[in-house]
Amino acid sequence: MTRFACFLFSTLLLSFSYAAITPTSPLSIGQTLSSPNGIFELGFFSPNNSRNLYVGIWFKGIIPRTVVWVANRENSVTDATADLAISSNGSLLLFDGKHSTVWSTGETFASNGSSAELSDSGNLLVIDKVSGITLWQSFEHLGDTMLPYSSLMYNPGTGEKRVLSSWKSYTDPLPGEFVGYITTQVPPQGFIMRGSKPYWRSGPWAKTRFTGVPLTDESYTHPFSVQQDANGSVYFSHLQRNFKRSLLVLTSEGSLKVTHHNGTDWVLNIDVPANTCDFYGVCGPFGLCVMSIPPKCKCFKGFVPQFSEEWKRGNWTGGCVRRTELLCQGNSTGRHVNVFHPVANIKPPDFYEFVSSGSAEECYQSCLHNCSCLAFAYINGIGCLIWNQELMDVMQFSVGGELLSIRLASSEMGGNQRKKTIIASIVSISLFVTLASAAFGFWRYRLKHNAIVSKVSLQGAWRNDLKSEDVSGLYFFEMKTIEIATNNFSLVNKLGQGGFGPVYKGKLQDGKEIAVKRLSSSSGQGKEEFMNEILLISKLQHINLVRILGCCIEGEERLLVYEFMVNKSLDTFIFDSRKRVEIDWPKRFSIIQGIARGLLYLHRDSRLRIIHRDVKVSNILLDDKMNPKISDFGLARMYEGTKYQDNTRRIVGTLGYMSPEYAWTGVFSEKSDTYSFGVLLLEVISGEKISRFSYDKERKNLLAYAWESWCENGGVGFLDKDATDSCHPSEVGRCVQIGLLCVQHQPADRPNTLELLSMLTTTSDLPLPKEPTFAVHTSDDGSRTSDLITVNEVTQSVVLGR
């Protein structure tokens, strides 16, 4: 097995590029087919260094490899003699080592002169070289990704559909549970389905935009096109207007992401569903999901919850029902027993019907005189839409959206004179009671006021500080929502305990799992660290950074709400003798590279330049696919684009991970994070902890052990014994050498993060490291570290004053 993996790895590295696949020139493992200008490449690849081989298309020269199309996603090959060939009947076939057909284009052609070529748009074409006719193309057989000018399609006459189908997981191209498609409604709209149930809906198309995705108007001009031909077929295309390399992908988690490559990294432009309100029908029929902080459901005016007790508990899927039934027949005689209530900033509901109408007034009249019409909207780029069924999947944006007018009984909007008289009488009678109790109430209020004013002022100050910053997309959760999600912070939901305070697992009403960090009053981390983490991480988006969803500031409570990482933190695997066997060398190496990419984004590629100052194993979280996510930005610092060094009078961090210049003088730079990464890298390789490890009589630490191992055997003996069976020795030795370069005493001798990632992703020559001189030794009883670093290290850091 190991020999095969080593052979396969080396074979894949020896890549030879071809211009076309012909009957006499098949494509074998180790060979690639390049587009004319070298934008795309087709070849064999193996996700996550497994034995399974697939034929795929990816962007050439972009690391990590971004696969945009897979031919044999349902049938991998596992032998090194597979090839992709043009058959005598003109079709494209994938053969395994036994020359059995694993995948084919599925059609035969009366052509023996065809060839397969890859265009600069990423489209794989089978072309008849005699006539020049395209016989088959990959753009008509999409996977999980749309490239510019490829398209989704639905032909209602034939039933033919061209859809997006998610991967089963991040590393498994098998079709997953999510499917994206375009409808043939007038106007069309996009859907993501999870199995047979709607998961997300775009809202109807309005000439240049989807009405349920306002960002397509404001931040990413006209990235889509929807066209309908004479046969009624609808085509949805992702256009390339501003970026040379861009894509739309349906992820294995059900997210639809539009990204572009800026020359260094992928930048996220659109990501839906992005919040609670985006999920289909979260508030049920006639329920309105309001994009407040946090998002919440409410009933339209004139409606009440169908199941009031469930509604109070935050279970909104039952929706709402009318308080007063409609009496429609009077409208035609002038007795307006029904009225229309306008609601602004709305994502138009599902189940709409298009009505030919020249103006908003005509749209109103067409609904007014139709007893079954429950609502209408006149939308620029569409015209008149009416609803004859329940209003489902409605959300209200803070900005943007459409005006929806809902039919109500006139009594819901006012009432008759008798009703006004009764109300006036009730008010008069109540006035005396109110005045009589006012004095007593005021006296009690004065007693309580002084006791609570400081808490309110503090809470308001924190909220005002945040609102004065640009924290768009950050939600302010209500304490009640968090309490429901975490089962009142029960011990069963507790994930761990750190210096920040306890961390709890929670589940929101829409089923989304979250992690909640609850600031402890005894924590050394206060308002500065809390605010710092919110302001920094809310402005960052990268696959290798943990995503903050929001916060809660209520009374003395201060909580941070994150996306939940099912595999917790890296230290729970690396330092656990039973679980470390689950992370073989390929997984460890992939995690190492992911962390480096996250640091490069922080240091160089984000719009903020950030030094983390607390990079350590316990601050690396792992999602369900073992992708690493850098977390805990409470100690991070921003620096200006041309300023690569700063200092501080308050030294914060974790013993063992702090660089010499930072621990001794308070000077920090991106090279400080490089040092911390080096320690982390050596921990991941060895499975040993910097704060607990020592060996021989001199009690040498992990850095000294790594140095001696590298000098004696190239670092191969430094590897955790539980990972040796799956390793590539030269790769391990290279990583040990990189780790030693990162922990050099002088910052100038350490690589920056751009150089670091290049070292980890190429086979270029490495500088020779010097023996590391900075070490934190562990005493015999462990007392030096046991009081400073907790066992699980969820958030604990050392604070040293100078």
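Including glycine, each Cβ sits where the backbone N, Cα and C put it.
Feature annotation (Swiss-Prot): of 326-343, 524-541, 578-595, the stretch labelled region 'CaM-binding' is 578-595. Per Swiss-Prot, the cysteine from C277, C283 that shares a disulfide bond with C297 is C283. Comparing N231, N567 with the features listed in Swiss-Prot, the residue bearing the annotation N-linked glycosylation site is N231. Only one of C277, C299 is recorded by Swiss-Prot as the disulfide partner of C289: C277. Taking all protein chains in view, 16 other C-beta atoms sit within 10 angstroms of the C-beta of N370 (N-linked glycosylation site). Secondary structure from DSSP puts N231 (N-linked glycosylation site) in coil. A 10 Å cutoff on Cβ-Cβ distances gives N89 (N-linked glycosylation site) a total of 13 other Cβ atoms nearby, all chains included. Taking N48, N89, N262, N315, D614 as the recorded positions under consideration, the smallest Cα distance to N231 (N-linked glycosylation site) is found for N89. Residue counts for the domain 'Bulb-type lectin' (20-139) by DSSP state, with H, G and I taken as helix and E and B as strand, are 5 helix, 53 strand, 62 coil. Cα to Cα, N48 (N-linked glycosylation site) and N370 (N-linked glycosylation site) are separated by 59 Å. Counting Cβ atoms from all protein chains shown, N231 (N-linked glycosylation site) has 9 others lying within 10 Å of its own Cβ. With N315 (N-linked glycosylation site) as the anchor, the candidate recorded positions are N89, N262, N370, D614, and the one with the nearest CA is N370.
Confidence over the topological domain 'Cytoplasmic' (443-802), given as mean pLDDT on the 0 to 100 scale, stands at 77. Considering only the glycosylation sites N89, N262, N370, the residue whose Cα is spatially closest to the Cα of D614 (active site, proton acceptor) is N262.
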